[in-house]
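Heads up: the structure comes next, in structure tokens.
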């Protein structure tokens, strides 16, 4: 239990009435790691209905790896507003972009570039669906439910499993699912993964920039929910070395043409384009230019090799998978299985649109 935490006592205060015109707005942003999130709250005298109504704020960037101490203020520009599933009422979660003292995007602000690309490709209506895999850990960073001095049984019974000896952490998963729905995130499902204590949730279909916004906010909610259960979430793509599956962020992608009659031809064309820029995508698909994915994309445990591009129907060992139903109906989408679990969804979606929609190499 976190020191000083008492959820029963906290609930007493969360049920207190606050004036109708007051709103607690929690500003949320990606920090200097490009992976972790930070947040802080301010009181408003109105209930915002859109990001444009919210004031620009700032924070100490020297404490988040985003500025020098001698010039530490970094600006927060609100870009998306969600209902707050923790405080409820009129209270809001506010996703923000970060800008430096000179009003230029911070180094880890990947959203502005993604927004430019999505605007240019808007007439093609790019849709995304991202499958966020993650692993639950005890507070001591040991996989949740695993024996302290050993390992669970081999992989096999855990995927979509049922039972206390097969799944660990379902309370966190269910609470997160409901929190996302309450917040207004387009979450579409969840399931237990092949490795015990590993789970996945899916967000989408989302069009354009909404994909990155919803996924980052869903990640924030996951960490906050896990905090309430004294559980740690890791997005490490290979948290446990050895004969255990890694974690990815498989990304489903389509354009209006792919979803139309005989869209399989557009899908095949997209795969051909992707095959020519494999290395560029690998560098974009984790925060460390491919170093994280080197541990995961080995050609084993339902992954492709990081060094080779491949594609196939219903092939979970390929870089790009065409679902069986898509191949049969000749319309639909493709699945890019290369992105790492800790990849930035703005970077992944931007890279796909640049390659497939804008023909940039």
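A Cβ is built for glycine as well, from the same backbone N, Cα and C atoms used for every other residue.
According to Swiss-Prot, the feature domain 'GS beta-grasp' maps to 23-103, an assignment based on sequence analysis.
Taken from Swiss-Prot, the feature domain 'GS catalytic' covers 110-361, and the record attributes it to sequence analysis.
DSSP assigns residue 203 (ATP binding site) to a strand. Around the Cβ of residue 203 (ATP binding site), a 10 Å sphere holds 27 further Cβ atoms from the protein chains shown. Residues or ranges marked as ATP binding site by Swiss-Prot: 131, 200, 201, 202, 203, 204, 205, 252, 253, 254, 316, 321.
The Cβ of residue 131 (ATP binding site) lies under 8 Å from the Cβ of 200, 201, 202, 248, 249, 250, 251, 252, each of which sits 6+ residues away along the same chain. The Mn(2+) 1 binding site feature in Swiss-Prot is assigned to 131, 250, 335.
With a cut-off of 8 Å between CB atoms and residues at least 6 apart in sequence, the same chain places 193, 198, 199, 200, 247, 248, 249, 250, 341 near residue 133 (Mn(2+) 2 binding site), listed in sequence order. For 133, 200, the entry in Swiss-Prot reads Mn(2+) 2 binding site, with the evidence type similarity to another entry.
Feature annotation from Swiss-Prot assigns L-glutamate binding site to 243, 244, 316, 337. Within the same chain, residues at least six positions away from residue 316 (ATP binding site) with a Cβ under 8 Å of its Cβ are 302, 337.
As annotated by Swiss-Prot, ADP binding site applies to 333, 334, 335, with the evidence given as similarity to another entry. In the shown protein chains, 21 other C-beta atoms lie within 10 A of the C-beta of residue 333 (ADP binding site).
When the Cα atoms are compared, residue 333 (ADP binding site) and residue 203 (ATP binding site) turn out to be 15 Å apart. In the shown protein chains, 24 other C-beta atoms lie within 10 A of the C-beta of residue 337 (L-glutamate binding site). Per-residue pLDDT, averaged across the domain 'GS catalytic' (110-361), gives 97. Distance from the CA of residue 253 (ATP binding site) to the CA of residue 334 (ADP binding site) is 6 Å. Contacts of residue 244 (L-glutamate binding site) defined by a Cβ separation under 8 A and a same-chain sequence distance of 6+ are given as 155, 195, 301, in order along the sequence.
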